[in-house]
Amino acid sequence: MAIEAPVNFAPPERSTVVSTAGDSSTWQPSSLRMHVIRPKSAKGRKRPNLHRPQGMGDGSPSALSSSPPPRSSGSPSNQKPGVCATVSTSQGAPDEMPELLLQQAPTRTASSLNRYPVLPSINRRSLEVGAVDTVASKTSSLQLSSVQALYQEDSSQEDSRTQVCALEKKFIIRTKRQSSSRASNIEEPSDEEPRLLLAVRSPSGQRFVRYFRPSDDLQTVLEVAEQKNKATYQHCSIETMEVPRRRFSDLTKSLQECGILHKSVLGISQEEGEAWP
């Protein structure tokens, strides 16, 4: 019985022998009986052995499962790198096959997927500068408006103050004039002026005699009585002592309007309380 000897064929890219023009381009099987081990499949399982037919001889070429690839002419440096990568991936482990295939797959750039050209990027710094400028302008306008409002308010307050001061000055001047005129009226009239001799009785019972002008009002008579008696009379009225008696609560009327004659007696009556010392 003959011995089956396995035959290992070296890969064509590792061969250092340069083929000549006289070498045959096809591989010639030897006359010896050989058995070739088939390589593993892509799934990592061994393929079943081929059964030879009974009528086939030992040295027939059909006993061989497959013929080796043709030997390429030229040095290993002339061979393409893609062939080497394919051979190396076929010789690797089955588990590493997907990773190697993914690594060898050409990566498509993102620019090839875009249908339209990429727009230029917006300068963010210019936008920030524009925002800062707008904020600064708004702030300045707000400050200006607030300053104007304060100025208007201050001017209105000053105008109101000046108006109040003017009114106060007018009132003071008027009161001074009235006091001066009243002081002149309190003085007794001269002999050349028309005058009335009146006797005035205070609420406390004190009496005094004095000359008054017919144009003097009843308030002047009351003030002269306060000055003479050194007292203050409030809520007072003046009445005549002759019969029938007449009472005057409106002290703004003059003696001539009230019909008071020369050498009349007038009494000061206080409605509430007594005279204040």
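Placement of Cβ uses the backbone N, Cα and C atoms for every residue, glycine included.
As recorded in Swiss-Prot:
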COMPBIAS  16-31  compositional bias 'Polar residues'
COMPBIAS  35-50  compositional bias 'Basic residues'
COMPBIAS  60-77  compositional bias 'Low complexity'
DOMAIN    191-268  domain 'UBX'
MOD_RES   S88  phosphoserine
REGION    1-102  region 'Disordered'
Mind checking how the domain 'UBX' (191-268) divides into helix, strand and coil residues in DSSP?
16 helix, 27 strand, 35 coil
Reported mean pLDDT - the domain 'UBX' (191-268):
89
